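Pulled from TrEMBL:
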DOMAIN    2-119  domain 'C2'
DOMAIN    153-279  domain 'C2'
TRANSMEM  363-394  transmembrane segment
TRANSMEM  470-498  transmembrane segment
Amino acid sequence: FQTQSLRLSDLHRKSQLWRGIVSVTLIEGRELKAMDANGLSDPYVKFRLGHQKYKSKIVPKTLNPQWREQFDFHLYEERGGIIDITVWDKDAGKKDDFIGRCQVDLSTLSKEQTHKLEMPLEEGEGCLVLLVTLTASAAVTISDLSVNSLEDQKEREEILKRYSPMMMFHNIKDVGFLQVKVIRAEALMAADVTGKDSFSKSDPFCVVELNNDRLLTHTVYKNLNPEWNKIFTFNIKDIHSVLEVTVYDEDRDRSADFLGKVAIPLLSIQNGEQKAYVLKNKQLTGPTKGVIYLEIDVIFNAVKASIRTLMPKEQKYIEEENRLSKQLLLRNFIRMKRCIMVLINAAYYISSCFDWDSPPRSLAAFLLFLFVVWNFELYMIPLALLLLLAWNYFLIVSGKDNRQHDTVVEDMLEDEEEEDDRDDKDSEKKGFMNRLYAIQEVCVSVQNMLDEVASFGERIKNTFNWTVPFLSWLAIVALSVFTIILYFIPLRYIVLVWGINKFTKKLRSPYAIDNNELLDFLSRVPSDVQVVQYHELKQDPSHSPSKRKKNNPG
């Protein structure tokens with residue numbers, strides 16, 4: 001992004017604060033143009049509203065694709081805007097084919113109402129079916145330290161009331177309230193070297209991001225210890241979101257230079273505490289120069305947050321395309337191998353019981369096998385998982401936590417960062433990867449598949465390891481409910497209710513977006529790579545931040 005889009009001034013302040021949300025549900029395409037030799041296409045859709053961009057999944061070999069995906073845009077202009085929509089045919093190894101385009105003029109749509117639109121494609125054939133809803137929203141805000149919502153007794157009470165247990169079923173998407181004080185930074189990296197004496201300086205500004213909400217401070221010129229003293233507020237739609245604070249150096253002639261970044265999961269925040277966060281590199285794997293002082297407050301409704309956990313995650317704007325990386329491919333392979341080795345070791349353990357390598361252990365296993373098989377009921381499956389969670393919680397509370405910091409993943413991430421730096425330098429000189437585009441695409445697919453498989457296993461492990469206590473407690477509640485249901489209700493009735501729900505879902509809600517509650521839950525659990533990235537680094541002893549507790553009003 002260019003510098004001019006990053007500066008926060010009175011001129012640009014208004015354009016950053018969004019006034020509503022445009023929810024677009026992509027339902028289907030009808031009679032699209034055939035772009036492949038087999039008389040079919042592999043269509044996907046791109047959406048654009050201002051700087052906000054989304055891309056749908058690819059539906060292979062069809063002219064009547066079913067997507068059923070939802071995308072949320074922020075509406076920055078009260079008069080509306082125009083969503084540009086283009087449809088493409090995915091081609092492996094060459095440039096994708098253009099199928100058609102259409103536009104949605106938001107100024108013609110009434111607010112607080114869902115509109116079903118059948119948009120014919122220009123420069124092509126067929127149409128797209130969309131659901132578009134415009135919703136007014138309490139905008140995110142920027143203010144000086146003198147304007148503090150949580151220190152005002154009346155405003156604080158209103159916020160607490162809005163997210164009280166009594167409001168648990170009111171506006172499920174409004175989960176909580178986040179206030180971020182960006183106070184100052186110290187000992188930043190010098191990005192500019194000017195003058196006869198080679199005077200080093202930077203022109204730092206700060207970008208605060210929560211999912212697709214993105215706000216910025218003003219620039220403090222020629223300063224390595226800037227003070228911003230700004231307060232940012234956000235509405236929380238998912239308590240498992242990660243707050244990202246990035247410091248850049250403004251450069252008027254080219255894009256901004258990266259100085260450092262921190263990523264802070266909302267559930268790890270300690271309210272009202274001013275902390276000095278050590279800035280990390282782009283991959284969030286190791287420290288860079290400088291610290292940033294933040295004070296963060298989170299207020300949320302736990303019931304809403306739990307319900308939202310079982311819904312699909314908000315998709316971020318289109319990011320950079322994945323590229324082939326030898327280190328990344330190796331890292332994902334090792335991660336998946338570690339997950340598979342857990343299963344292999346479990347199989348070896350069971351086999352050793354059969355072989356009576358340890359008679360006491362084999363005897364205990366044999367008696368347990370007889371007892372479980374003779375008395376087995378279906379409710380014992382969630383009960384066993386519940387006991388495993390409880391056992392790990394007991395180990396953590398009693399100080400016998402056997403979880404270890406994952407230095408293997410951290411080392412691999414650092415190697416990947418070094419390779420990225422080499423790639424950035426070599427890419428200007430070499431076009432080798434472009435000439436092997438088809439091979440790269442296959443390798444990237446394998447790389448991503450390894451990442452998905454490894455992440456799935458790691459998320460299950462981290463659920464039972466109490467990596468995120470909120471999610472582990474939620475799992476305990478769910479498993480307890482399942483255990484009770486399976487104990488008291490015959491299986492045939494449960495299967496009957498499940499089948500009726502599945503068969504009638506599309507009849508009851510024709511445009512409902514398919515989702516899997518279990519996968520949505522696991523998507524909120526961090527993988528081992530994310531655990532390393534979100535790990536807070538210990539600050540340099542030379543920095544002694546003042547930690548103070550805020551005096552809560554009243």
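Heads up, the Cβ atoms here are built off N, Cα and C, so glycines get one too.
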Please give the sequence-distant neighbours of the transmembrane segment (363-394): residues at least 6 beyond its ends with Cβ less than 8 Å from one of its Cβ atoms.
353, 463-466, 472, 475-476, 479-480, 482-487, 491
Tell me the residue counts in helix, strand and coil for the domain 'C2' (2-119), as DSSP assigns them.
13 helix, 55 strand, 50 coil
Per-region confidence, the domain 'C2' (2-119) (mean pLDDT, whole number):
80
